[in-house]
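To start, the structure under review is shown below, and the notes come after it.
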Amino acid sequence: MSSYMPLPDRRASSEDEKDPRAQLRPDIEAGNNTHRHNDPERRSSRILDGRTVSDAIIGLSDGMTVPFALTAGLSALGDTKIVVFGGLAELIAGAISMGLGGYLGAKSEEESYKATLKETETQTLTDPASVSDTISDIFEPYELPSELVAQLKNHLSHSPMLPSFLMNFHHTLPEPSGSRAIVCAFTIAMGYFIGGFIPLIPYFFVGPHEAFIALRWSIATMVIALFIFGYVKTCFVSGWRGRRNIRKGVIGGIQMVLVGGIAAGSAMGLVKGFQMLADSHEDHRHD
């Protein structure tokens, strides 16, 4: 015997279809919830957000190309110590530079948000007419009845949530977290250091004059690492399932390998060229 399942009451849904306010209610509630979601206490409950992942990708992307190109170029000198010390120096300096850049960028974003919020609050107090026009522009794509728009404008004009409503729906600026700048700087710096340390690993396991042997292992390691990184980075944006997304991931991985290979080859060629010029100059001096 099949179990009894009560039929859903469709009267409420039919009334919602007739009442345009019911159709708009989810959008307005979403706007109010956006303000709540911007609460740092709520946001801190998430381990990772999209911005943190984006910062990690930025750090890893630069870290897996620039230091790799430098170590490959220094390998042309044939001295493992020079490669290791030069690579570590570049890693530390580059991580600090990238971290400071991320910190300053996040601070600028925070200051921009505060300035826009202050300007919006001032506008709501001194120029209610333009604010009313802005509210009308926000609801215009929804094709709501003019009477309903008038009621919404009247309600929002007297609501303390009006600045938050305008920031979310007019300026479309999310409220940055108070720790955003520190997290951004740390994430980018660590991503850069970790990504750049990978090509250095083989040089710790060879002799002082076996830089070319370590270079071969470093190239093999970085080809795999660059491909995996390019694949993951692409699929993180486009999706992980389906032939189309897999093909995009493979193309993204190949592109990262090509970019890293061109950078490393260019650096190595330049070092070789400078070394040849220095050797020829020494030969002329001895002659």
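Cβ atoms are placed via backbone N, Cα and C, with glycine included.
Quick look at what TrEMBL lists:
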COMPBIAS  8-28  compositional bias 'Basic and acidic residues'
COMPBIAS  36-46  compositional bias 'Basic and acidic residues'
REGION    1-46  region 'Disordered'
TRANSMEM  52-70  transmembrane segment
TRANSMEM  82-104  transmembrane segment
TRANSMEM  181-205  transmembrane segment
TRANSMEM  211-232  transmembrane segment
TRANSMEM  253-271  transmembrane segment
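Counting same-chain residues at least six beyond the ends of the transmembrane segment (52-70), those with a Cβ under 8 angstroms from any Cβ of the stretch are 86-87, 90-91, 94-95, 98, 102, 183-184, 187-200, 218, 222, 225-226, 229, 233, 236, 256, 259-260, 263-264, 266-268. Across the candidate stretches 82-104, 211-232, 253-271, the maximum count of CB pairs under 8 A to the transmembrane segment (181-205) is reached by 82-104. For the transmembrane segment (82-104), the list of distant contacts is 55, 58-59, 62-63, 66-67, 70-71, 74-75, 181-182, 184-190, 192-193, 196-197, 199-200, 203-204, 211, 214: same-chain residues at least six beyond its ends, Cβ to Cβ under 8 Å.
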